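Student: Mind having a look at this structure? Questions to follow.
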Amino acid sequence: MMRRPRATTAKPVLYNENENMDSDLSFSQIVSSDEDVEEWRPPESTKASSKTAGAPTAGGRKAAPKRTAKPKVPKEPKVPKAPKDPKPRAPRKPAAKPKSPNTQKTKATTKSVSAGTKRKQTNEDDLGEIKRRAPNHCPEEQMVEESTRMKEERISFIVSDAHQTEGCADEGTSQARLQVTKKEEPDEDFTFDEASLKRLPTSQACQRQRATLPESKAQSLRNELNMNWDLVELLSTLSCVEQWVCANIIMLLSEENTIPFMVRYRKDMINHMDADAVRDVQMVYEELCALAKKTQSVIQTLKKDGVLTPELEESLRNCRSADDLDHVYSPYKKGSKLTKARRAKALGLEDAATALLNSPHTLDLSTWVKPGTEGLSSVEEVATGVEHILADMIAKDPETLSYIKTLCEKSFVTIQSSVSKTALKEKEQEKHDGGHKKPGAEQNKTKDFDKFQLYFDFTCNVQRIQPHQTLAINRGESLKILTVKVNIPDRVKSEFTRWCINNRWRPKTFAREQLNAIIRNAVEDSYKRLILPFLTRSYRTKLTSAAEKESITMFVRNLRQRLLVCPVRGCVIMGVDPGYRHGCKLAILSHTSQILHTDVVYLHNSGQQREAEKLRHLLIKYSCTKVVIGNGTACRETESFFADLISRRYFHPLDVSYCITNEAGASIYSVSPEAVKEMPDMDPNLRSAVSIGRRVQDPLAELVKIDPKHIGIGTYQHDVSAGALKAALDGVVQECVSFVGVDINITSETLMRHVAGLNAGRARSIAEWREKNGPFINREQLKLVKGMGPKSFQQCAGFIRINPQTLNSAKPSAECGPAAQEKPVTKKGRGKAGGNIPTSLNALDQTCIHPESYHVAERFLSFVGGSVDQIGSAGLKHCVESKVNTSCIEELAKKVDTTPETLKLIIDGLTQPPGFDIRQNFGQADFKRGIVSMSDLRVGAVLTGRVDNTALFGAFVDIGVGRSGLIHKSNITLDKLPVSQRRRSLALGPGERVEVRVLNVDIQRGRIGLDLIRVLQ
């Protein structure tokens, strides 16, 4: 399975000998495109390396025993020369340079499996470096893990950065490590398909909890899957995550823990992985479980058909991917033609094929001839049947398939697309018709034909093709516009044939020329008829799978940044849904998003002065200074109208400004059941204006009401797996809502559905309980809600807030509190102890601290000399900071009997001000007062803008001219990005402010080419 690792840590990958290192990706093992770790330096010449081979390691003399590894590589001519180098040269190397490239390269050479493999050398080089630097008390296996390239930690959410730089002297954040790494990496072209990197603080490397599945649990899993591979080991290999982390994730998932809960409150068990990384591991785990389930179904089907043999069952249970399973099972599928091999086996020729390989000197084909029997009537027919059986055996032999895949990885395999004959005929027919326009589907077909001109004669290495190119080719093929094929060099066939005849399928004893000819024919037939189609399908499947994953990753990141846009609070907003014939729909919203007024104005017809007067009246009446315009039809004209009025100070004394927001999905939402329930008596067009305004006031609360696929993010959403896309996007919505947190007393039922641990039923029960009994006083009262069991409470409690300010305003009366405690208790007849539920406020309920850690938080408060009444105050923050600065986080964690991860979370919760919102660190909508047209742009002009959307080929930037410009990915280079973004797989995301230079302007086609200057922070 071809996967881009999205995990916090990665397993060391051993590459095949003589592997072609010019490729970007390997289908067998996909890792980061550059395997160097933070201490890597570009290697010097081989000559310099050999001269210093005998030098002791600069970090100490402990590295000297590594020389004993040299005899393990007898193939290397340079290795034996290393001991002959004069030792007096060693002291010349300063001991203060532990990162010497020469010494490292020598160690890499002595330990590598293939000295010609540069990437392998780098892996071993990193291992040696880490061993020199690692503390003595760390186990060696931990040092090996630290040596491998890890993904950069994508900052999905950072609740507080205040304490990341505090603590022990040896502590360091992942961001700090990445900054060092970037300075030491060689220059290279930045590509969007580059795998993200992730690191762990070294201070935690020796303290992480390497919990593994209990033996009983592991055995039950093996029995349940009933496959010949170990689940944890295979999951670790495919996801590039350590086995102990995979084991913990399996255990947590089996216990029905949600990903947001795991990421925030079980960091030590998942090795500080982010939500995307855990989601990737979960996806691979589910794929393996589905594979095992499908394998069992196939085995039962074959057993029922009476064709299951022990060898076939063994082959099925060895399958590690759906592709492998399909390859083994396809000849036995119902409805498929009886294969040539099965027909020959039915004639009894399997024994002859076995004899040909094991004892050819005893085989006489004439004895198998049966005149009058089809397939056995002559020696030639018998020989043909034996060839078919041997071809089938060759095509299903694991060792043979492994060898052919290795050959292909070393070769220049390309994917080629060309215009199909069907599309050419249709184009010719269109020309003969004199360009007569055809309505409907025919006209759309013509437009589609023109879109694929780039791929009419396209060839690319399968290891370098970009994900968006793969998806475009697939779409063109599905529309029958393109013809696609995979080209495997003839050299692969010749080497494969030679290896099969001389090694793998060579008869064990002497064979006559006639029998050798049968083997040669069988090998060639197997390659052409069975193996080549299998390789083609395999390449196409892997390329498509990788492209879909990259596309979904783009969707996920775009959606996250769209949901986490900072809300515009504390002001009245006018939402405008622009239009021509039906007018512009207006909705004026209060600072709490309540609808104050709705109206329709006709700004693009006669009587504009009258409509302008109405606008001024409404804005002054409601003291509204912010106007939000949707980017749909008539947006440009509406923006021009408002900009003209603002420039003439028409709304004086108000200082009015406006912004453009993406209205994708607003019309779909306006007719949805949620909108009808929320605004039952309102026209659907006016609901769109309300939605547009609320998208700026609180983007998260409004956008969760819309299916993520309709928000207008990403590309090729119809070309990827609908199920995988929906699961990923729903997971991101849950992640965003949970990490931002919800005030349980004022949040909507729609928003509550997306909190980890809750669903539509529980959210409805919470809303009903709140309506009947008044506001929640504390988190413990959630246990009284119908359907809220211990597991649901554990998952959602940390993400739910009880805000004292909103609690006081939400209370209908002072008497509703006690009533809220007694009525639900009488309903619960299943042992829920209502008497144990406290009725008083708990100040910790307004923080991100989980109730399971309240006792630890109280111990820590008493330790620093604070109290719960001081939460969020400057005084408590000063006390905590002084205590953290004087001692290590690990030491403090031991004193309060908890883990460092839990203590850091508690410190964040105690020091964050009341009402803290993680979105305040993200960009807000840009309000402006003037307008620039596309015709005003000049090549070379420097502008600022905000990223509107990102695709697999670049980023679209709104520069305020009504048309987004494109920064092609070739212009997004490392030196133009902040250090924290240089190793992110998708360098830019929606909402980020950038400074750009205009490269070209095509007014006729409406295209603007931009160059990235820098990211504004």
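Glycine too: its Cβ is placed from the backbone N, Cα and C atoms.
TrEMBL does not curate its annotations; it predicts them automatically.
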Student: Under TrEMBL, the annotation region 'Disordered' belongs to which of these stretches: 163-186, 811-834?
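Tutor: From TrEMBL, the annotated region 'Disordered' range turns out to be 811-834.
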Student: Would you list the DSSP helix, strand and coil counts for the residues of the compositional bias 'Basic and acidic residues' (423-433)?
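Tutor: The compositional bias 'Basic and acidic residues' (423-433) comes out at 10 helix, 0 strand, 1 coil.
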Student: Give me the DSSP three-state residue breakdown of the domain 'S1 motif' (940-1013), ordered helix, strand, coil.
Tutor: 9 helix, 36 strand, 29 coil
Student: Mean pLDDT, the domain 'S1 motif' (940-1013)?
Tutor: 79
